[in-house]
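Residues annotated as transmembrane segment in TrEMBL: 80-101, 108-128, 134-153, 160-188, 208-227, 273-296, 308-330, 342-360, 372-392.
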Amino acid sequence: MNKRAYHIFLSAVGLFFLWYLAQRSAALSMTHDESSTTNVVDGSFTDIMFAANMFGTANNHILNSLLLKFSVQLFGWHEWSIRLPNVLFFLVYYAAAILIVQRITQNRWLQVTGIVLFCTPHFLLDYFSLARGYGMATALEMMSLYFLLLYFAERKQKQLIYSFVLIGLAVYANFTWLNVLLAQWALLNLALLIAEKQKLNILLLKPILKANIIPLVTTVLLVLLIYKPIGYLNSNNEFKWGSETWLTSFHSFAVNLHYTHSYFLLHYDIRIVLLKTVLILLALAAAVLLLQNLFFNKWKNIPVFARYSLITAAGMLAILIISTIVQRHLLNTFYIDGRKALLYLPVLLLLLLSVAVWLFDVYPRFVKSFTGVAATLSILHFAGIFNFYSCFEWWYDASSKKAYQYIVADKNTTPKNTAVNWLFWQSMEFYNKRMFNRQLPPILKTNEISGYNNINYVYVIGDEIRNIPPVFKPVKRYMWDRFLLKRDEAAYRLSAETFILQQQLADTSLRLPLERWQQKADSALLEQRKQLNWNNLLYTE
């Protein structure tokens, strides 16, 4: 591929993903955590940064919240305007990916497959089309790694400044990325100790102190900004989330990275095992290459940037894993899992590309085949997930907007008192409050009401439908397991009358007052609802 074709490829890939993320940002129904986050817009910028009432939960990812408020003030309340800052941060991520790939290798094949692998993990792409801090933090981490690699290769102080300012901003986007900042700081000192090991102690101290000024200043400024918010969150036990064991955390990361539960050539469980195996083999390959380089003087012809990229990625991964294990045992924290584990992804992608570059000169056919297969599978995986209606983490909110709009469109029911499962409450309340000018009365939660006498609509998930009185009839089935039910007194009376008639015909000798027959019908219909096999209900959407 010549230079012009390569630039066309980069432009096409960037424009495609920017279009895809922009479309998703406009089309996806607002999710639970996003909807909760929008409440911070009611406060000032200073409140978002420091006020105790803004940190009742960990949903206030400060950088995201500040940019969200700014965007909404400019463009008004729309799904796309709420998510616009995250869509734009994809450009930061993409630029960092291109810069890293082009500095690590000049081989077009590895550059192209590298870009594909960096851009197609859909679990990451989700967060560039949602109003959360995870996508921002990952993009900033990727660019920070690029400047850290530049510093290791060229030793220019401004590159270190850029690196730590960027990772500081990543922490401000999501506090979990404090782990990455500390890992980069530790790696910096470790690298300096190794590089300057030949010098006398007093001479060694000067470059180390000089290099540590930047991360120290960054951390001090960051502490001034996040000390109070972290204190508020800690008092609310918002850091008591995660996995009990490292293996559980690792499995969670693989499941999230795999994303889909649909079948693709192999059974789901087998694919998860294979993915975990590939990740383990990748780490082992990196370890073997570095040990060969250290003890057997091999791989000396690797370009400087590629050399530091493997050392940096392997070092970061090792420090992150070791530090989380230490935190678990000393501070009783939990292992990073779920969406927070996105912080591992830039490091792993850098590790994968670096291993490929190191091996390419010796095993070009194998590396070409492996990266080609990996890129092809990644494209197919992305294509299988490609959609404009759902995300992985908050899948249950895919139809919340549709359910709300259906209720609003019903002109024959008043008042439209609505109760929903707590999972849907935040998003339904967001649409009611922010975008539809309170067209419904205040929405209630099914687990907080004493009965359904004054309720006309219910929106529930899965087996909860069996707990809804039979006077409510399903009017919509969204996706696999979400049901919108509407009070239908006429249909209920008809069902009761049909039951009574059937019972009377079955036993003509049975003489009961009408009130007693009605009680029997109510009990029977209630039991039918409790035994309902909702798998057999017809899909409507």
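Cβ coordinates are placed from backbone N, Cα and C, and glycine is handled just like the others.
TrEMBL: automatically predicted annotations, no manual curation.
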The answer for the transmembrane segment (342-360), taking Cβ pairs under 8 Å and residues 6+ beyond its ends, is 97, 100-101, 104-105, 107, 110, 114, 117-118, 121, 123-124, 127, 134, 137-138, 141-142, 145, 176-177, 179-180, 253, 257, 279, 282-283, 285-286, 289, 299, 302, 306, 309-310, 312-314, 316-317, 320, 336, 366-368, 370-371, 374
Comparing 108-128, 160-188, 273-296, 308-330, 372-392 for Cβ pairs under 8 Å with the transmembrane segment (134-153), the winner is 160-188
Across 160-188, 308-330, 372-392, the most C-beta pairs under 8 Å with the transmembrane segment (108-128) come from 372-392
Sequence-distant contacts of the transmembrane segment (80-101), meaning Cβ under 8 Å and at least 6 residues beyond its ends, amount to 10, 13-14, 17-18, 21-22, 25-26, 30, 34, 38, 64, 67-68, 70-72, 74, 110-111, 114-115, 118-119, 125, 127-132, 135-136, 138-140, 142-143, 145-146, 149, 309, 349-350, 353
Other same-chain positions with a Cβ less than 8 Å from the transmembrane segment (308-330) and lying at least 6 residues past its termini are 100, 104, 145, 148-149, 152-153, 179-180, 182-184, 186-187, 190-191, 246, 249, 283, 286-287, 289-290, 302, 336, 343-344, 347-348, 350-351, 353-355, 357-358
